[in-house]
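Heads up: the structure comes next, in structure tokens.
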């Protein structure tokens with residue numbers, strides 16, 4: 001075996017000089033015990049000296065496998081890669097939680113027109129109509145209230161006695177006595193009747209407001225609002241599209257950053 005060593009060395013030297021080099025003389029066999037005598041990346045045989053001063057013939061695949069074993073046995077310590085991956089996981093969770101919240105949010109119920117809603121009380125209808133159609137309701141209410149008060153005052157002037165009626169409905173005796181003994185009984189009588197007729201006055205005001213609103217809309221003085229259901233659907237679709245676009249952009253950015261981090265880590269491993 002020993003007399004073949006010089007011949008083998010000379011052959012390897014010729015092959016090393018004639019063939020192109022891709023990895024240099026000292027490449028992937030740094031973890032093999034013993035000094036490296038000669039190594040070529042394209043050659044299939046590597047000649048090394050063992051710990052007992054014996055010449056060993058190793059293939060390039062074995063050399064690379066011995067190099068990779070210690071790298072696999074000792075993974076890289078947690079550093080920039082794990083830190084960035086942690087940030088990416090947190091951002092993914094935020095995006096998915098925001099999308100889940102947007103999808104889980106129930107749609108707002110369609111609010112009916114207070115002028116046509118019979119499911120609520122008269123006073124609530126009056127308040128909602130005042131908020132939505134205040135510019136129309138206020139003039140109508142003032143006109144109808146004036147008509148109501150004028151009617152009651154005229155009735156009091158004509159000698160209509162409302163005291164028995166007030167006693168019948170159960171008003172306090174203090175109020176009834178004021179109406180009996182007051183010199184200005186006509187005004188107080190008209191006011192008492194005005195307050196008693198409050199439900200009827202509110203009903204007439206709402207009816208007058210409804211008729212006025214229809215008239216103004218038919219002649220183009222008021223814009224007809226779009227249906228609430230269609231409006232809410234359009235808004236929900238727009239919000240959903242915006243959230244989807246933001247999720248895709250965030251996902252692409254995180255994928256690019258993760259790929260760059262992997263490339264950097266693999267490059268560091270190759271350098272080591």
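Placed from the backbone N, Cα and C atoms, the Cβ positions cover glycine too.
Over the domain 'DUF1279' (117-229) the predicted model carries a mean pLDDT of 82. Under the heading domain 'DUF1279', Swiss-Prot lists 117-229.
As annotated by Swiss-Prot, transmembrane segment applies to 136-156.
Feature annotation from Swiss-Prot assigns coiled coil to 229-271; the stated evidence is sequence analysis.
What Swiss-Prot lists as region 'Disordered' is 246-272.
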Under an 8 Å Cβ to Cβ limit, what residues of the same chain, 6 or more beyond the ends of the transmembrane segment (136-156), are close to it?
129-130, 162, 185-187, 189-191, 193-194, 197, 201, 204-205, 208-209, 212-213, 216
